[in-house]
Amino acid sequence: MEKPRGTEETPSSEPMEEEEDDDLELFGGYDSFRSYNSSAGSESSSYLEESSEAENEDREAGELPTSPLHLFSSANNRALDGSGSEPAVCEMCGIVGTREAFFSKTKRFCSVSCSRSYSSNSKKASILARLQGKPPTKKAKVLHKAAWSAKIGAFLHAQGTGQLADGTPTGQDALVLGFDWGKFLKDHSYKAAPVGCFKHVPLYDQWEDVMKGMKVEVLNSDAVLPSRVYWIATVIQAAGYRVLLRYEGFENDASHDFWCNLGTVDVHPIGWCAINSKILVPPRTIHAKFTDWKSYLMKRLVGSRTLPADFHIKMVESMKYPFRQGMRLEVVDKTQVSRTRMAVVDTVIGGRLRLLYEDGDSDDDFWCHMWSPLIHPVGWSRRVGHGIKMSERRCDMSHHPTFRKIYCDAVPYLFKKVRAVYTEGGWFEEGMKLEAIDPLNLGNICVATICKVLLDGYLMICVDGGPSTDGSDWFCYHASSHAIFPATFCQKNDIELTPPKGYETQPFDWESYLEKTKSKAAPARLFNMDCPNHGFKVGMKLEAVDLMEPRLICVATVKRVVHRLLSIHFDGWDNEYDQWVDCESPDIYPVGWCELTGYQLQPPVSAEPNTPQKGKDATKKKKKQFGKKRKRIPSAKTRPLRQSSKKPLLEDNLEALGVSEPVPDDIIAVCVKEEHQDLPSPDRSPSPLLPLPTESIKQERDS
């Protein structure tokens with residue numbers, strides 16, 4: 001029966017909701033984007049809100065807010081340090097701040113951009129509702145639905161291109177200039193530190209699921225079909241985020257093995273092709289090796305392991321960082337470590353922050369991790385009694401894009417919490433002696449003195465015999481820091497202790513030194529000496545920040561392990577550039593982290609990584625961390641800024657594997673009859689058993 005005009009059925013939300021439920025069922029009911037851009041008071045949704053052009057320009061690559069509902073609940077349980085402001089959640093982007101710093105009288109939005117974007121979405125939603133005959137609403141509705149794979153792909157592959165203002169390549173540009181970890185590890189038989197050793201990186205607590213022998217579905221680069229096809233591969237070796245894969249069918253032939261980063265969207269659990277109607281095609285090199293690929297795969301897959309179905313979803317969730325461009329905070333002054341300065345977040349890449357000093361030039365920056373002990377919320381210095389540089393005249397930075405986006409101070413609970421201290425029964429006192437890592441020469445552990453005791457467990461420490469007499473070289477450590485040690489720590493652990501300047505007696509003797517200086521050593525019970533089972537071993541490879549030039553991340557080796565203390569050696573550099581770091585330092589990363597986040601990795605400066613460079617640069621006088629720094633790459637001023645555009649994903653993968661663009665050939669794809677087989681399931685398994693995606697297997701044969 002024909003319906004009267006004007007009474008046609010309008011699209012309702014019910015089919016869309018059913019479709020969403022179906023999507024979630026495929027992945028265990030988990031959708032990492034359900035709360036991505038939702039407001040605190042709106043319903044949870046897996047849709048993406050349509051943003052205006054102004055908002056898209058404001059977004060920086062790698063800056064993704066955390067779930068606002070989670071932050072809002074956390075805010076209610078924590079008091080803001082030193083301020084009586086209540087927490088507020090932006091209804092557009094979900095960022096958390098203080099109400100007094102938010103935009104407009106209603107304090108609903110963090111910036112003008114968010115307010116306009118929200119208004120634009122509301123208007124579009126109202127127009128759409130009128131066209132569909134629905135009652136108007138004031139809420140900003142979702143206008144488009146994006147597939148979960150598209151969202152993940154956009155996030156993992158679009159980390160930004162080009163260079164930062166300081167000349168650091170990012171995103172695809174960084175990958176083009178990337179270091180070949182696979183060849184480096186294979187040629188020298190090196191071992192990489194496991195991802196589980198690094199508690200500040202994505203999926204560190206789930207990387208035990210990645211094991212030798214597990215099966216995955218990967219892009220088939222050895223096929224001449226016009227569309228993207230996949231094939232099953234086996235993990236031969238795991239090295240950080242990178243794995244050595246071998247296509248099924250090559251068996252013991254390692255000539256076609258290839259390295260791949262598991263964080264990319266071209267690696268999937270078994271069954272992904274069947275679910276997403278993708279074709280499994282054997283590589284051309286071995287397509288004639290078997291006549292019945294289906295039976296072969298069934299034998300190879302039964303009882304094997306694969307990645308969890310929500311592996312990439314959790315990867316994306318773990319790569320969302322609460323810091324955003326425009327947030328204000330306090331950071332150590334790199335020109336005088338005894339004080340802090342006000343700074344603004346300019347860039348966020350993989351949790352690492354590029355900070356711009358408010359009273360400096362547009363290129364006066366400082367790099368650190370968001371968990372670094374060198375950054376603090378606004379007001380921290382005044383509260384604990386630490387020195388801060390108060391600028392009488394603020395530089396005119398109105399032309400700088402970052403300073404035009406300042407909208408709120410970073411709230412205290414975004415920073416890593418320090419351990420609570422209890423001063424009853426004795427505490428650190430001024431004049432006490434101890435041993436500490438020199439922040440201006442990170443390869444040395446020196447004799448040091450407590451110069452001032454601050455509030456909340458913070459201590460101002462100076463190296464004995466230092467050049468400064470005005471306290472400008474004092475530095476702040478928390479009492480729970482793993483960079484300070486009781487007297488005789490170096491002696492007990494066979495570490496060379498740097499004595500005070502002018503001290504002639506060798507070896508250094510603490511007892512005679514304390515008697516000579518009429519001082520006492522800090523009690524050993526006051527130091528935090530717990531040692532976790534971190535998993536680091538001598539010789540392991542990793543990626544480490546050069547703290548003398550903290551925007552650089554370099555190929556490095558664990559040279560020595562002393563309890564939880566690691567001596568990091570930069571491959572290709574002299575031993576004088578070695579650095580002591582804690583096993584939980586946020587400045588060390590697993591192999592493949594730079595590739596995963598789109599950060600440029602600095603390769604060794606010589607072909608032999610363990611041979612110190614004998615050239616001019618390796619033997620020059622050592623520089624201070626916050627002073628004039630040595631350069632590993634050309635400076636931003638002398639290097640041209642490279643403009644580049646994003647490449648198609650297929651082209652990127654083919655270039656990475658050294659394969660030219662496939663040319664369509666006369667190939668017949670033969671469908672294989674679908675069969676089902678029940679698989680045994682063990683009692684406990686670190687990763688799921690494989691389904692048999694035989695319905696998606698196709699075979700190539702010559703015409």
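Quick reminder: no glycine exception, Cβ is built from N, Cα and C everywhere.
Given the structure is predicted, the values throughout are model-derived calculations rather than measurements.
If you look up Swiss-Prot, you'll see Cys90, Cys93, Cys110, Cys114 marked as Zn(2+) binding site, on the strength of sequence analysis. Taken from Swiss-Prot, the feature compositional bias 'Basic residues' applies to 619-634. The repeat 'MBT 1' annotation in Swiss-Prot covers 179-283. Per Swiss-Prot, repeat 'MBT 2' is recorded for 291-391. Residues or ranges marked as repeat 'MBT 3' in Swiss-Prot: 397-500. As annotated by Swiss-Prot, repeat 'MBT 4' applies to 508-604. Here Swiss-Prot flags 81-116 as zinc finger.
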Contact between the repeat 'MBT 1' (179-283) and the repeat 'MBT 4' (508-604) (3 or more Cβ pairs under 8 Å, separation 6+): yes
Mean predicted confidence [pLDDT] for the repeat 'MBT 4' (508-604): 94
In three-state DSSP terms, the structure that Cys114 (Zn(2+) binding site) belongs to: helix
Cys90, Cys110, Cys114 as binding-site residues, winner by CB count within 10 A: Cys110
Helix-strand-coil residue split for the repeat 'MBT 3' (397-500), DSSP-based: 13 helix, 30 strand, 61 coil
Secondary structure tally of the repeat 'MBT 2' (291-391) (DSSP, helix then strand then coil): 22 helix, 38 strand, 41 coil
Where Cys90 (Zn(2+) binding site) falls in three-state DSSP terms: coil
